[in-house]
Amino acid sequence: MPRLKYASILRVLLILGLFCVWVQIMLSATNGALDKDGEELMNSNETSEQVLALVPPELHKYLTVHPRNSSANATERYSPKNVSDILRAVQRVNGAQTIYNEDLFGPVQNDTIIIAIQVHTRLTYLRHLIVSLAQAKDIDRTLLIFSHDYYDEEINNLVRSIDFTKVMQIFYPYSVQTHPLEFPGMDPNDCPRDAKLEQALKLKCNNALHPDLHGHYREAKYAQTKHHWWWKANRIFNQLQCTASHTGMVVFLEEDHYVAEDFIHILSLLRTTADKTCPQCEILCLGTYLKTYQYHSTSDKRKKHLTLNYIQQVRAISEERRKRQHDTQTWNYQVYPNLYANTQKVEITPWHSSMHNMGMVFNRTVWTNILELQEQFCAYDDYNWDYSLLHLSQNRPGREKFKVILCKGPRVFHIGECGFHHKKSNCNASTVISKVQKLLQDAKSYLFPARVTATISAGGAKHNKKLIKGNGGWGDLRDQELCTNMTRVERQMRKYIYYT
């Protein structure tokens, strides 16, 4: 009898273990489908007539969606590709370091403004970002560096069609796309995200001993964003030939940002004001998240209408952690013009990740200071690059936190409503883009101010609250090691990642 009872218990435990694995597989598939659906829906949106009406006709070419044949539908972006061919293409482009339009606009100078744009797959948003950049004054004096973590010919053709300034493409070579079945992608033997430690040890999965601080295991697509940002910054400051002696400013944007036509002018005013008023200000910021945006955040509210379905409950809990405050926020453009006037204000305050991460600007000197604390950045258990920088800022030995000087009337806007973090079923890129266009049209007479007025703020409770722990997603030692070795030249890194 004892032997039968023991066998029965083992069978029950085995069934429970298999059920947990099945749940994790279903969650991954469902979340993946949601991510695909959100991005495909967004990419399939046609630009509305209202949006086109506010875009100069000569720039409509950047918004044109070329028809595809019957075999090239909206899912083509996610269809199987030859990984070896993509890796060779990535190596070729990264090695060539081609600067397009250099013959038209001249070589990169040491003080050339570099605009670094992190690109995933949201093509519609990227189109509108390019249109906004094309309308910016003095854009022809900049270098646009598009940093990709997904190789896609339609995106490449769009970027290479830019004819209003110098352009370069770089490709993050350790992406999920190019390593689909091995780290830093998702190895088949990696632990399921929600597996318990005991279960992971029984499964003998790769990273069983290293869950994050919340008890979860890594998710490759989320870890990739921090890796990509870190690699991109290192590539620009330390590895490109054209920036070897660069001492100017680097503006950090993302594919779902939109810029005002005077953002370069405002950047110059910020720098001049910082030199006179705040020499210790290490970061400039062109985009802000303010209370007057009339945000309606739901990131801290648990949904009370959850069904008893176990998978739905687990999904809801897992999504709670991933949502960051501005990912679920909406705003009313009618409140923005109050921030634009004849005398426009800039603020000097401690830098905070969730408020000053959009249109962030710094130079090589600041990057050098960041590199001195790379181990803190790479070891911090948070899959967000900006929160990792905040941790670094708050723990600089013998030095104050980063200070930022920012414009109260934003010149960089977040237009992303669909894609990576968003799961909206009715998202439409044109809706938000038209709001931004209308805002800038209303504020047009106040753009290009002759001067700005600086105020100093100690920051609110949120600024001064020290991070106790991160958001997780970064407990895997492989992620920490890869991040640390990003500062080495690529040929040295190949001992950590082997191309297939």
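Glycine too: its Cβ is placed from the backbone N, Cα and C atoms.
TrEMBL labels come from automatic prediction, so no person has curated them.
Going by TrEMBL, these are the annotated features:
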- Q118, V119, H120, T121, R122, D149, Q224, T225, K226, H227, H228: substrate binding site (BINDING)
- D256, H414: Mn(2+) binding site (BINDING)
- C191-C205: disulfide bond (DISULFID)
- C278-C281: disulfide bond (DISULFID)
- C378-C483: disulfide bond (DISULFID)
- C418-C427: disulfide bond (DISULFID)
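Closest to K226 (substrate binding site) in space, going by CA atoms and restricting to the recorded positions C191, C205, D256, H414, is D256.
The disulfide-bonded residues listed here are C205, C278, C378; among them, C378 has the most other Cβ atoms within 10 Å of its own Cβ. Among the binding-site residues Q118, H120, R122, H228, H414, the residue whose Cα lies closest in space to that of C205 (disulfide bond) is H228.
The binding-site residues considered are H120, R122, H228; of these, H228 has the fewest other C-beta atoms within 10 angstroms of its C-beta.
Ranking the recorded positions C191, C278, C378, H414 by the distance of their Cα atoms from the Cα of H120 (substrate binding site) places H414 first. The shortest Cα-Cα distance between C191 (disulfide bond) and any of the recorded positions R122, Q224, D256, C278, C281 is the one to Q224. Just so you know, the Cβ of C191 (disulfide bond) picks up 26 other Cβ atoms within 10 Å once every protein chain is counted.
For the binding site of substrate, formed by Q118, V119, H120, T121, R122, D149, Q224, T225, K226, H227, H228 according to the record, the largest Cα to Cα distance is 19 Å, rounded to a whole number. If you count neighbouring Cβ atoms within 10 Å for each of the binding-site residues Q118, Q224, the highest count belongs to Q224. Packing around C483 (disulfide bond) is summarised by its Cβ count: 23 other Cβ atoms lie within 10 angstroms of its Cβ, all protein chains included. Residue density at K226 (substrate binding site): 23 other Cβ atoms are found within 10 A of its Cβ, drawing on all protein chains shown. When the recorded positions R122, C278, C281 are screened for a C-alpha within 10 angstroms of the C-alpha of D256 (Mn(2+) binding site), the residues that qualify, in sequence order, are R122. Taking only the Cα positions, the spacing between C281 (disulfide bond) and H414 (Mn(2+) binding site) is 24 angstrom. Of all the Cβ atoms in the protein chains shown, 26 others lie within 10 Å of the Cβ of D256 (Mn(2+) binding site).
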